[in-house]
Amino acid sequence: SPLASPQETLTGKYGEGARLIYELQDQGGELLALRYDLTVPFARYLAMNKITNMKRYHVAKVYRRDNPATTRGRYREFYQCDFDIAGQFDPMIPDAECLKIVHEILSDLQLGDFLIKVNDRRILNGVFAVCNIPESKFITTCSTVDKLDKMPWEEVRREMVGEKGLSPEAADRIGEYVQLHGGLDLIERLLQDPKLSQNKLAKEGLGDMKLLFEYLTLFGIAGKISFDLSLARGLDYYTGVIFEAVLLQQENDHVEEPVSVGSVAGGGRYDGLVGMFDPKGRKVPCVGVSIGIERIFSILEQRVKASGEKVRTTETQVLVATPQKHLLAARLKLISELWDAGIKAEMLYKKDPKLLKQLQYCEDMGIPFAAIVGEQELTDGVVKLRDVAMRQEVRMR
C-alpha cells in the first residue's frame, strides 16, 4: 500500500486517534496523509481490486504525530507487522486463529508473562444501550472506556461526566460492567444478566465470545486469554471481537524499575471497512492483528543491556586476514571463493592491516573464525583457520 494516501481515505476511521495523523499537502495542492496503520490501506486494496478472500501478513512503517517516548517504544515512525484474514467464514474460526498467532509469537519471543485481553464491540454497545447512553455517544464513550488500562475508574468516570456529557447515574451503571473480567464463567453470567440478555447486539456478542473461548480451549491457549469488558480499542472501524496483548511484568533483577511499554499487539474484527471504499458498498468481513515491533525491540534491548550480554551486530562467520604486507590479492581471491560457497565472510578495507588489528576486530564483532593466508600458506597451498575465542589454529587445504 502507498505511504501517502488521500486524506479522506484515513479520516473518519480512527476516532480520537485521528489527531495523530500526519497531514500533507503536495505542490499541486492535493491533500494527502501518511498512513496511520496498515489496516485501512489493506481494506482499500481489497475494495479497489474486488478481492473477497485473502489471508496475508505485512511488515511496514506507519506514522503517528505523537509525543515520542523512546524508552517505552513509542515513536513517530515505526514498524508494524499485521496479519489479516478477509472473507466470509463461519463465526470465530479466523478470530481464534489470529489469537493463536499472537500467543505463538509472544511465547516464542520469550518476553515474559503476558495476557491477551478480548472483548466485543457489540457487547460494549449493548452495555451502553442498557445504561441509556444515546447511540450518538457510543464511539466517544468507547474512547473513554479505552483509557481504563492507563487511568483509574474515578478519572475515567470524571471524563465521561465532565467531558462527554454523560449523567453520573449512567457512568456508574457503565462502571458496574466495564470493571468485570474473567473467562467462560463471566460470559455465562452475562448471558443470564436480566438487562444485557434482552439486548440483541450484546446477546450476539456474548454468544460469539462463548464460541471463541471454546475454540481457544481447543487451541490450548485459553489460560492466557481474559474476557475483559474494559477493553474498548479506540479505533472507529472495529465491529466485533477486539483484542490486545499486554505484558504483565518484566522479570529483571538488574534494573530497579520494570520496563513498561503498554500493549505489544492488538486487533479485532472490522467487517464494515472494505465497504467504505467499494463504490457499491460491498462488504468483505475481516479480522486482523497488529504486532508492535519497536515496542517488542525496546523490551529485548533493555533486557540484553541489563544482563550485560554481548549482542552480535553481524552474521559474519569468517574474517579473511593476512599477517604480512602486499597480500591484498590473496585476501580478495579467498573471500571471493568463500562468498561463492555461500559462507558469510568479510575483510578489513585496508591494503596492509596489522594481524593483531584484524584479530581484535574479530573479537570486537564476535566473528568466530579468521581465515589467515600468509606467504607460507600460499606456498603450501593451505589456509590457516583460527578459532578466535579458543585461540587455536588448524591448517586446511
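Cβ coordinates come from backbone N, Cα and C, glycine included.
Residues or ranges marked as L-histidine binding site in TrEMBL: ASP37, LEU38, THR39, ARG64, GLN80, ASP84, ARG233, TYR237, TYR238.
TrEMBL lists 57-323 with the feature domain 'Aminoacyl-transfer RNA synthetases class-II family profile'.
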Around the Cβ of THR39 (L-histidine binding site), the count of other Cβ atoms that are within 10 Å: 28
Residues ASP37, LEU38, THR39, ARG64, GLN80, ASP84, ARG233, TYR237, TYR238 [recorded L-histidine binders]: greatest CA to CA distance in Å: 21
Under 8 Å by Cβ from ARG233 (L-histidine binding site), same chain, sequence gap 6 or more: ASN119, ARG121, ASP146, ILE242, GLU244, GLY266, GLY268
Residue with minimal Cβ packing [other Cβ atoms within 10 Å] among the binding-site residues ASP37, TYR238: ASP37
Overall pLDDT for the domain 'Aminoacyl-transfer RNA synthetases class-II family profile' (57-323), taken as the rounded mean: 88
